[in-house]
Amino acid sequence: MQRDWPEVWGGLILAMIGIGAAFYAWQNYDLGTLRQMGPGFFPVAMGVALCGFGLIIALPGLWRRSEGVPFDIASLLLILAAVLVFGLALPRLGLVGTAFATVLIATLPAERRGWVWRGVLALAITLVTVLVFHVGLRMTLPLWPRL
Amino acid sequence: MNTWDSLLLGLSFALQPHVLVYCILGVLLGSFVGVLPGIGAMAAISLLLPLTFYMSPEAALIMLAGVYYGAQYGGAVASILLRLPGTPQSAVTTLDGYPMTQQGRGGIALFTAMVSSFSGSLIGIVVLVMLAGWLSGLATRFGAADYAMMMIFGLVAASTIGASRPAKGFAMITLGVLLGCIGTDVNSGAQRFTFGHAELLDGLNLVALAMGLFGVAEVIANIRNPERQSIAARIPLRSLLPTRDDLRRLPLPILRGGTLGSFFGALPGTGSTLSAFLAYATERRLARQPERFGKGAVEGVAGPEAGNNAASITAFTPTLTLGIPGDPIMALMLGALIIHGVQPGPMMLEARPEMFWGLVASFGIGNLLLILINLPLIGIWIAMLRIPFNYLYPAIIVFLCLGVYSVRGLAFDIVLVAGIGLAGYLMTLAKLSPALLLLGFVLGPLIETNLRRALLIARGDPMVFLERPISAGFVLASMVLLLVPLWKIWRRKRAAADF
């Protein structure tokens, strides 16, 4: 048993986003008046409100006890890496190379080990992707890597 | 044009071969994702959203709607057989559905769920048709102040009703509204929170936001889900047939569930999950032997399933007639329509009758298809439950990346998906609702515009929100919803002090 850290951190991060957004909007955009609101009015109000709600979430968490939550950092990092690789590789590796590479990275956190099924799955998904997006929807994307 | 003519127009539109194909595609896909735990209608609709850009807006709406109500049918399957709700709306169905499976009556539970879903949807369609004309007539009298307050009421209702910690709901909605501020301000042309990125001038991409929150985050959370189990049970078609006693118990719960669901579905902010819970509570309260509930009572399956399906139909009422989405899935639908260049609102019934009535007709056709297809195909859906998530989620990742990219052809949006996915996963850890964030994101800009317009017309006098009867009604209703949780806290403190 420990303090309810997800609540505390979640609330604090929200509060910081809120106050940060409010401050940034207050500095950079015109607030205007109630009659003629400027572009800054709404973001400042919402930022202050978010800060308040964040604190309401965070403070009780300091005294509350809770079980830890399962934090699956490996899955998190590898899936985000797969998405990023997709975005960065698409202009260079073409649809086929990108889909194949993305599946290989995305299957890394899977419970099943071994590379054979990963390769087969990557081929199958790449094939379906090409059929749906290139043949079916005629998306204009290069298929093959640019050498 | 009277209602019958309109319905005929809708039918003739929805029965065109290519529209019918999209309708079938939608309900089949919906059933599929509904059956699979871990992928909900939300993720499926955001995945399909970019694909619909290649269709007419009417066909797109009909297909996406099919995914939504199809998922309700599929969601019941996993709830009944595995005690894993395939969709949040079907969580209540586990309470009595799973005990029925344990007693070897799983087939009957599935049959009950399908029939109740179908009947509930029919009730929903009737209510939708009756409400739509009246509401769009009423909506022509809505001013900016009324719109603003109605949307604020919707947000308050979404974060307070049935929530254990309303502060969390409010925080997510305000965060969503703030994210909605990103981009060019319509009134002044100022570029807000763009930090010099030209990609953000049109605002945060809705598809990227939905995919990050509901695709990436759900995949990460489900990769090593220990609750995942395999089923061995085989359901022969014959075991679906209910006994005479079961049949006798069905009609009233279906009628009550469908009516309750129709009502709460049409209210902004509430929706099908709440309807299912309320229908279950009602059945248990009205039952002669309430102790049967939780141990495999057919009424406990029939009521909620009729309720959530009716609600998923009537939820389209405020979305299409007022342009105000009542729940996050409707927010996504509204976003889809706006991307297609269709602005739903009071004028839509007049301006695009084939869209509205075509959708209504497709509800009837789609639900008929669902019950005709799903009962014989039940074995296939059960086989789907055995597909390991390992094989599915990499495909989801590739499809969602390509989907986001296809909207604007910007790699920037894919990087954005990764960032939003990270935030979404952290939010699930802190038990913060990404669905409410999306609702705030879609409604935020509409609220801001209407608030500013209302105050400009009233020369800055905030009393305008209390002087107009419609607006004042929503202010009052919001206050009541806000005071209820405070009153509960106060009562709990009092109860604690009495000890």
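Backbone N, Cα and C define each Cβ position, glycine as well.
The following features are taken from TrEMBL:
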DOMAIN    B:20-439  domain 'DUF112'
TRANSMEM  B:19-49  transmembrane segment
TRANSMEM  B:61-82  transmembrane segment
TRANSMEM  B:108-135  transmembrane segment
TRANSMEM  B:147-164  transmembrane segment
TRANSMEM  B:260-282  transmembrane segment
TRANSMEM  B:356-383  transmembrane segment
TRANSMEM  B:389-407  transmembrane segment
TRANSMEM  B:414-443  transmembrane segment
TRANSMEM  B:470-490  transmembrane segment
Stretch-level contact, the transmembrane segment (B:147-164) and the transmembrane segment (B:260-282), CB cutoff 8 A, at least 3 pairs: yes
Among the ranges B:61-82, B:108-135, B:356-383, B:470-490, the one whose Cβ pairs under 8 Å to the transmembrane segment (B:19-49) are most numerous: B:61-82
Best-contacting stretch, by C-beta pairs under 8 Å, relative to the transmembrane segment (B:260-282) and drawn from B:61-82, B:108-135, B:356-383, B:389-407, B:470-490: B:108-135
Recorded stretch that, among B:108-135, B:389-407, B:470-490, has the most CB pairs under 8 Å to the transmembrane segment (B:356-383): B:108-135
PLDDT averaged over every residue in the domain 'DUF112' (B:20-439): 84
Tertiary contacts of the transmembrane segment (B:61-82) (same chain, 6+ residues out, Cβ under 8 Å): 14, 19, 22-37, 40-41, 44-45, 48-49, 52, 55, 89-91, 93-94, 97-98, 100-101, 106, 109-110, 113-114, 117, 121, 229, 231, 233, 235, 272, 301, 305, 308-309, 312-313, 316, 329, 333, 336-337, 355, 358-359, 362-363, 366-367, 370, 374, 378, 381-382, 385
